[in-house]
Each structure stands twice: as structure tokens, then as C-alpha cells.
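Asks: Provided herewith is a single structure, encoded as C-alpha cells, for subsequent inquiry.
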Amino acid sequence: MYVQLPFDELRVDSTQKKRIAYFYDADVGNYAYGAGHPMKPHRIRMAHSLIMNYGLYKKMEIYRAKPATKQEMCQFHTDEYIDFLSRVTPDNLDNFAKEQIKFNVGDDCPVFDGLFEYCGISGGGSMEGAARLNRGKCDIAINYAGGLHHAKKSEASGFCYLNDIVLGIIELLRYHPRVLYIDIDVHHGDGVEEAFYTTDRVMTCSFHKYGEFFPGTGELRDIGVGKGKYHAINVPLRDGIDDATYKSIFEPVISHIIEWYQPSAIVLQCGGDSLSGDRLGCFNLSMSGHANCVNFVKSFNIPMMVVGGGGYTMRNVARTWAFESGLLNNVVLPSELPYNEYFEYYGPDYKLDVRPSNMYNANSPEFLNKILTNIIQNLEHTKHAPSVQMQDVPRDPEDLGDVDEDTAEAKDTRGGSQFARDHETEKPGELYDDDDKDKGEKNITITEAEQMEIDELNQEE
Ligand SMILES: [Zn+2]
């Protein structure tokens, strides 16, 4: 089943036009986790500088998002955790001894000046990006200040405090019946997986190093529970994976997911710590190997949000995110770097490239074959239900759901089983009377149950 593909030069169709909304807040580069901390928000400013100096501002719309409010953050996080983030500072830290332990702030996730504003910028970009996609105002939204995939409902983790991705996906779920989340950071996307582990409205798929590596989760056999069973996918990899090998596992997994699950929106986390030579990572992807994932996901022409994530060798993260922004705009940026205010970071070659090393690739074809076979077997359970119909087709009363599902076990916390919900659903046309949030997507295949859940989300406002 696993076939090693050749790694070809990346191609774009320069005649194809995509509407790109790029979110950037110039303040983001000013926040600092503290001396010696590997996470440096400055890399986002470096990437932005390359993006601007390559002239990509002529191709895309650039926005500064409104920072996420406390209320918006609490759509996922607990009130007490967000309240803590909004009040704690390096100066009053001593008054929060108990909370520091409870919310896991300290070493990896230090309290620094402006922490809450930093969270607001990261979250605001992903939420507004999702809202623009929802309204059909763009085809692709980009927020490199986002991608902080380890943050939990009530806890900071792995340099992440606010889970902007979960907030963005919650926003997408107001309009999209099924959202696919793809994570190419070298670390497991645990916070996002956990948030949607019990739902079939979001499929999460994380490619990561597994085995004696942070955060320790993301085994092949972790596949989701309840209604979410088979809707979490984990691709646990070993050290040294190279471009061709990564492509050979990434492309078939993603193709199968899109074919079977039929997502109507995709969120792609582009953590740059899977690049060769990363300060914390252990993979061996070149800039092109990483960017191939972005180009491949884009080729499906599904509304898409691209967020940042990890990445601890700043010059390489900046190079890669700039190159990927080019691809999203259907441009292969030339390798000669334009002059920019951080030019000296890119010596001695001053080129737009991240080259692989000669490190050993511990991912054998047999190992990858086992992973791919297992994932494809599991995916067969997610094939979108044949009872699904287009929204404007009158419904067959015989086809409202599976009575067998209407058991005590099938009941969930969202107001009953699929069967019960199907019978409670209003006419779909009545669900969109909020004019300023017009539906961005036409002809999405959508079940009444999905419609009902979308409606419930919108009522929580
Ligand atoms: Zn990471």
C-alpha cells in the first residue's frame, strides 16, 4: 500500500486566482517569552518582512485583526483560566502561586509582559480568518501568529496559552458541517485533537515525531471516541524523515481523508519545527518538502485557513512561511532574497531555501506501510453517510436517521441522539436569517443533524 513517491519540483498554476486574506499585527514581534526561551514571536515579523519585500502584498489583502476578547476566548477556554491570563503579570506573579501550578504556567509557558495581548493577537487572527472564510470573502486565510496547538481548555502547554486553532474551528463550525484539521508541526497537535476528540464534525490529522518526545501523545491507535471515533488520525513518525518519504505518507493520507470525509473547510497548521536543522525538531524536511504539504492541500480548492505553529530556527521558519505564502498566491518565489530589515539573519548564502542534512531516516517503508494501511482501514468507517443530501433537495421522511443509533449509548451532551435531533430540526432555510453572516459556501452536502449542531453553536452567541 505504501509507495515511495519521487519528490518533484513544486508547481503552481499562475493563471489561477485565489483570494487570500493575510492577518498580521505588527505588535506581535515585540513580545518575548524571556531570555533563552526557544519560542520567539520575532520570527513572525521576519516572515512578514520577507513576504512584503517579495511583493506579495500586491497579491493579497492584508488585515490587522481585532484582538480576541475574553468572551471569545471563553468559547473554548474556561472563564477562570482566561481571567487568570488577563490578570497575571511578571510583577504580580507571586500572588498567583496556586494558579501557576493549576494552569501550568512557569518554565515552558512563562508569564511575560503583554502575555494576554499576545494571546489576543494570535486568537483574533484565527477567528477573523475563519469569519472571512465563512462569509465567502476569501478562499484562503493566513495567520502565522496562530497555530498554538498545545493549549488546553484550562491549561497552558508547550509554549501555547490560547488555542487559536480551536477558536477558529469553532467559528468555522457555524457554517461548515465538516472541518478537517491537518497538523505538520513536529509535535503532536494534542490540544486540537483533545478539543474535538468526541465529535465527527471535525477530523483531526496530525503528523508528528512519536516516541520520547513532547507531548508524548499521538499514537496510531488513538482514533477518537464516541461519535468522534475514527475522526482523529495520528501519523507517528521517527527521526530524520525526508521530503520524498514525508510526501509519500502525507499525500495518500490526506487524499483518502478528503475523498471519504468530504470536509467543507480545512485548517492547516504549518509548524516550522518539522524543518531540517530545527533547534527542537528532529525531522529532515527541506523548505520544499514542508511547502509541498501546503501546495498539496491547496490543490483541492477547499476553503482553507493556514496558521503558523512551532519553529525554533527563526531564519528557516521565516523563509519557509514566506515561500509558502508565495505558493498560496500561485507564485514560486525566486531564491535570491530581497533586501529586508533582517537581511543579515540569512547569511552566508542569503537564499530562500532550507536544505536537508544527511541525517539517517529512521522511517522504513515497512513501518510506513503499517501506518498507512491502518489509517486507511479506519477511514473506511468515516465515509460520508449515503443518506446525506444536498440542502435544497426535499427530504425523504424515511431517511431521517438510523433508528439503531437512538440508544442510551448514542445520546450525547448536545441534546440527544442523531435520530432525536433529526426529528427536532427546523427547516434549514430558517437557520440563516442573520444577514451579515451570509453563507460563504454553496451546495455543501449537509445532514439535518449537522445543521442542527450549527444552529446550536450560533445560538450560543
Ligand atoms: Zn512544535
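Glycine residues also receive a Cβ, built from the backbone N, Cα and C atoms like all the rest.
Pulled these features from TrEMBL for this protein:
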- His150: active site, proton acceptor (ACT_SITE)
- Asp108, Gly158, Tyr312: substrate binding site (BINDING)
- Asp185, His187, Asp273: divalent metal cation binding site (BINDING)
- 408-430: compositional bias 'Basic and acidic residues' (COMPBIAS)
- 450-461: compositional bias 'Acidic residues' (COMPBIAS)
- 37-322: domain 'Histone deacetylase' (DOMAIN)
- 383-461: region 'Disordered' (REGION)
Asks: DSSP secondary structure for Asp273 (divalent metal cation binding site), reduced to helix/strand/coil, please.
Replies: helix
Asks: Write out, in the order they occur in the sequence, the residues of the chain not among Asp108, Gly158, Tyr312 that have a C-beta within 8 Å of the mean position of the C-beta atoms of the recorded substrate site.
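Replies: Near the substrate site, the remaining chain residues are Pro38, Met39, His150, Phe159, Cys160, His187, Phe214, Leu280, Gly310.
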Asks: So which binding-site residues are near the residue listed as 'active site, proton acceptor', with CA atoms within 10 Å, out of Asp108, Asp185, Asp273, Tyr312?
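Replies: Final answer: none.
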Asks: Taking the centroid of the Cβ atoms of Asp185, His187, Asp273 (divalent metal cation site), which other same-chain residues have Cβ within 8 Å of it?
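Replies: Going along the sequence, the neighbours come out as His149, Val186, His208, Gly271, Ser274, Leu280, Gly281, Gly309, Gly310, Gly311.
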Asks: Can you tell me which of these binding-site residues sit near ligand 1, meaning the Cβ is under 6 Å from at least one of its atoms: Gly158, Asp185, His187, Asp273, Tyr312?
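Replies: Checking each Cβ against ligand 1, the ones under 6 Å are Asp185, His187, Asp273.
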Asks: Going by DSSP, is His150 (active site, proton acceptor) sitting in a helix, a strand, or coil?
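Replies: Going by the DSSP assignment, His150 (active site, proton acceptor) belongs to neither helix nor strand, so it counts as coil.
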Asks: In whole Å, could you give the widest CA to CA gap in the substrate site formed by Asp108, Gly158, Tyr312?
Replies: 14
Asks: Rank aside, I only need the closest one: which of the binding-site residues Asp185, His187, Asp273 has its C-alpha nearest to that of Gly158 (substrate binding site)?
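Replies: If we rank Asp185, His187, Asp273 by Cα distance to Gly158 (substrate binding site), first place goes to His187.
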Asks: Any idea what the Cα distance is from Tyr312 (substrate binding site) over to Asp273 (divalent metal cation binding site), rounded to a whole Å?
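Replies: Rounded to a whole number, the Cα-Cα distance is 6 Å.
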Asks: Taking the Cβ of Asp185 (divalent metal cation binding site) as the centre, count every other Cβ atom within 10 Å, in any protein chain shown.
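Replies: Step by step: centre on the Cβ of Asp185 (divalent metal cation binding site), count other Cβ atoms within 10 Å, giving 25.
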